[in-house]
Each structure stands twice: as structure tokens, then as C-alpha cells.
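Have a look at the structure below before the remarks.
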């Protein structure tokens, strides 16, 4: 999947609107993932799974940092996310389907917070971007 110039512009615009809330929003998306897909909790046995948990907020910030890195390097995601892909494939052994679950909840969370700025075009571009990000993160499983 290739992102068009319009997709890249839309993703950058949406992520800039997220701004300083990126960690909180990604923490919320992770929390939604845990609620919607309980088996995803198995990767975090030490977490407190309540809303506002410090562990979920901390992991949310890590996710936000990874998304920010991906947004900044959309033209070479494979290189930018290589270490993260290695970590998830070889060390953490995260089931690849979990990336799709999280990406779905990222879209839900961003839609709920961006309101009218979450246009159909932004939605489509973010969906493509997150699918590409998931593909890169699971590329080392093969």
C-alpha cells in the first residue's frame, strides 16, 4: 500500500491537531483495545487495567512516540520502525492481529476527539497510514 501525497498531507494535518494530547489519546486507544479485545491484556500482566492507569498512560505515550516517528518518516517507515518491528516480532512476540485491533481503536479515539476535523478524507488517510504502519511492524514475523 502506498500513501498518496494527499494522504501524507492529511495524516500530518490530523496528527498536528492531536498535538500535545497524543500520549493521552493513544493511552485511551489502548484502554479501548483492552476493553474491546480482552486477550490483548496478556502482553501486560503487570498493568492495572482501570481508566487513567499510570501504566496505560505510560504505554500510551510510547505508542504516541512511535506514531510521531512514523508520521515524521512516512517515506521510509521500514527503516524508521525497524527496531520497533524487531522488538515486537522477536522479543515481545505480539500476535500481529493485535496491531489491527489497536489501529481500529486509534481511529475511534481520534474520531471522538477531533470531531468535525475528522473528515471522511482524514479518516481514509489515517486508516491507510495505520494499516501501513501495522504492515511494517509485522514485517519481521516472516
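Using the three backbone atoms N, Cα and C, a Cβ is placed for every residue, glycine included.
Copied over from Swiss-Prot, here are the features:
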- 59: O2 binding site (BINDING)
- 88: heme b binding site (BINDING)
- 2-142: domain 'Globin' (DOMAIN)
- 4: phosphoserine (MOD_RES)
- 9: phosphothreonine (MOD_RES)
- 12: N6-succinyllysine (MOD_RES)
- 17: N6-succinyllysine (MOD_RES)
- 17: N6-acetyllysine (MOD_RES)
- 25: phosphotyrosine (MOD_RES)
- 36: phosphoserine (MOD_RES)
- 41: N6-succinyllysine (MOD_RES)
- 50: phosphoserine (MOD_RES)
- 109: phosphothreonine (MOD_RES)
- 138: phosphothreonine (MOD_RES)
- 139: phosphoserine (MOD_RES)
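For the domain 'Globin' (2-142), residue counts in helix, strand and coil come to 116 helix, 0 strand, 25 coil, using DSSP. Across the structure, residue 138 (phosphothreonine) and residue 59 (O2 binding site) place their CA atoms 19 angstrom apart. Note on proximity: of the modified residues 36, 50, 139, the one nearest residue 12 (N6-succinyllysine) is 139, by Cα distance. Sequence-distant neighbours of residue 36 (phosphoserine) (same chain, 6+ residues apart, CB-CB distance under 8 A): 101, 105. Spatially close to the residue listed as 'phosphotyrosine' yet at least six residues away along the chain are 18, 60, 64, 106, 109, 110, 113, judged by Cβ distances under 8 angstroms.
Around the Cβ of residue 88 (heme b binding site), a 10 Å sphere holds 21 further Cβ atoms from the protein chains shown. Considering other CB atoms within 10 Å as the measure, the emptiest surroundings among the modified residues 9, 50, 138, 139 are those of 50.
Cβ packing within 10 Å was compared across the recorded positions 4, 59, 109, and the lowest neighbour count falls to 4. Applying an 8 A CB threshold to same-chain residues 6+ apart, the list for residue 17 (N6-succinyllysine) reads 114, 117.
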